[in-house]
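Okay, so here's the structure we're looking at.
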Amino acid sequence: MKWITLICLLISSTLIESRIIFKRDTDVDHHKHIADMYNLLTERTFKGLTLAIVSQNLQKCSLEELSKLVNEINDFAKSCTGNDKTPECEKPIGTLFYDKLCADPKVGVNYEWSKECCSKQDPERAQCFRAHRVFEHNPVRPKPEETCALFKEHPDDLLSAFIHEEARNHPDLYPPAVLLLTQQYGKLVEHCCEEEDKDKCFAEKMKELMKHSHSIEDKQKHFCWIVNNYPERVIKALNLARVSHRYPKPDFKLAHKFTEETTHFIKDCCHGDMFECMTERLELSEHTCQHKDELSTKLEKCCNLPLLERTYCIVTLENDDVPAELSKPITEFTEDPHVCEKYAENKSFLEISPWQSQETPELSEQFLLQSAKEYESLLNKCCFSDNPPECYKDGADRFMNEAKERFAYLKQNCDILHEHGEYLFENELLIRYTKKMPQVSDETLIGIAHQMADIGEHCCAVPENQRMPCAEGDLTILIGKMCERQKKTFINNHVAHCCTDSYSGMRSCFTALGPDEDYVPPPVTDDTFHFDDKICTANDKEKQHIKQKFLVKLIKVSPKLEKNHIDEWLLEFLKMVQKCCTADEHQPCFDTEKPVLIEHCQKLHP
């Protein structure tokens with residue numbers, strides 16, 4: 001595992017001027033043409049991607065209508081691969097695609113706004129189409145019996161219908177991801193149609209598939225959030241950390257090349273240039289396999305797969321084993337008297353070999369970025385002091401202690417989860433975050449706590465050396481979504497600081513937040529709590545939700561309550577529920593007991 005060298009590489013990557021990487025089509029115009037994409041893929045895959053893209057742009061059109069357009073585009077693409085290609089074939093694929101849409105008279109009839117879009121020139125035309133996409137998550141799925149019958153008779157029709165529904169309901173989802181999900185859906189259908197209880201199988205497996213879909217979409221949106229809200233050095237540093245984690249073998253030059261190419265295609269994706277994005281992603285897979293021997297011992301299995309499957313395999317590939325010869329002690333970077341001389345030469349450490357230890361658990365990319373920032377600050381301070389080695393000699397201890405603290409905090413949370421279970425762990429998170437952000441709505445706070453508990457359930461179950469990357473990576477995505485929703489008006493100054501100060505420190509900033517001292521709790525009145533007999537007939541999940549709403553209300557009116565007092569009042573609440581739900585008349589009992597509970601709560605109110 002690499003710590004300090006990755007930190008040094010992250011610093012250098014932000015200071016090195018971006019250079020030309022793997023050769024593009026031409027130095028003047030690197031836009032891809034339709035024949036390029038067609039030649040990269042099989043015809044089946046090309047048509048699948050085209051269907052996904054037209055479904056994202058023309059969301060109201062039926063599958064039958066779009067299939068005709070897909071066939072026209074496919075036929076044209078095929079003609080562009082031959083000797084008789086027309087000048088149109090040389091247009092950038094994005095331009096050609098929107099030319100085809102605008103030339104279809106049905107588009108103008110069904111989409112009135114398209115007339116305005118089609119009057120524009122690219123890239124404004126493409127931006128106009130994207131601006132009119134509607135975000136609705138209401139896919140139409142056939143019943144299990146119908147699905148199995150269609151899959152048996154016409155499997156391609158079923159999979160095309162899935163592409164259409166998934167793409168039009170997720171108009172910004174990376175189109176190859178739509179095809180990946182379609183492939184997984186096909187395997188799901190094949191499996192469930194063999195099961196006796198098809199309804200149960202489809203319900204469970206589709207839930208898993210949709211969770212995977214949302215995870216892919218969340219990660220894609222998170223990258224774009226970084227691109228749109230932080231300097232480019234942040235996304236580059238994050239990509240370099242990821243490349244260096246996955247491929248510990250290559251030298252910095254090769255790692256930096258892959259970082260640059262990855263950053264380039266992510267920016268194209270986030271700016272809406274989906275065609276450039278797709279072809280660059282596929283080309284990156286090609287380049288990865290061309291350098292597989294230099295990169296990783298584990299790439300062989302991916303590079304033997306078809307291109308689309310190969311890309312997903314590479315993205316999800318486990319980290320390669322760290323070569324033993326790369327290990328160097330951390331003291332090389334904090335006790336070397338010549339560190340400042342090396343830093344002054346080019347503000348980077350290109351020749352330093354990685355320091356790593358296979359016995360030490362993996363660190364998260366967020367930790368590496370934050371440490372890089374702190375290490376850079378340390379050198380900028382110490383290298384201008386009277387005695388630089390004396391100034392930076394404690395740097396190793398600082399990094400080690402911070403890492404130990406993070407591992408300890410993660411272990412503490414996993415221990416709570418394992419000891420008390422997900423629901424009580426969720427309540428623990430609910431208490432923490434209600435105190436940090438009491439201005440947030442009850443339902444939103446409950447939703448955040450539930451998602452955090454899900455992350456804990458997942459990440460605490462992985463091997464220990466994967467826990468920090470898992471937990472901090474997923475939590476950073478969740479917190480980023482929360483910050484994005486609040487960016488126009490933050491709910492308090494402390495949240496605003498965490499969301500806008502530093503990407504790498506965002507998660508740790510939220511963790512360190514205490515109760516919002518500026519918050520003035522509302523008075524406790526008859527309207528503060530609402531109890532009715534619905535809780536007596538609710539199922540277990542509904543009862544848990546009602547209890548959590550009471551918990552949030554309690555914290556909001558008494559944010560300084562200690563944990564033991566919170567537990568005490570939750571117990572009082574449960575006693576009231578038990579008493580009233582066993583009474584002959586439920587609601588009169590709640591009406592009688594409510595003032596007693598409120599009176600106690602008022603005594604706790606500051």
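Using N, Cα and C of the backbone, Cβ positions are placed for all residues, glycine too.
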Member of CYS459, CYS460 annotated by Swiss-Prot as disulfide partner of CYS470: CYS459
CYS269, CYS270, CYS277, CYS289 - which one Swiss-Prot pairs with CYS224 by disulfide: CYS270
Partner cysteine of CYS483 (disulphide bond, per Swiss-Prot) from CYS460, CYS499: CYS499
Candidate in CYS192, CYS193 joined to CYS201 through a disulfide, as Swiss-Prot lists it: CYS192
Residue among CYS269, CYS289 that, according to Swiss-Prot, closes a disulfide with CYS277: CYS269
Cβ packing number for CYS499 (disulfide bond), 10 Å threshold: 21
Residue, out of the disulfide-bonded residues CYS89, CYS148, CYS498, whose Cβ gathers the largest set of other Cβ atoms within 10 Å: CYS498
CYS148 (disulfide bond) and CYS277 (disulfide bond), Cα-Cα, nearest whole angstrom: 35
For CYS460 (disulfide bond), the one of CYS89, CYS117, CYS128, CYS201 that lies nearest, given that the disulfide-bonded residues are compared by Cα: CYS201
CYS580 (disulfide bond), number of other Cβ atoms within 10 Å: 23
Candidate nearest CYS201 (disulfide bond) in space, where candidates are the disulfide-bonded residues CYS128, CYS382, CYS459 and distance is Cα-Cα: CYS459
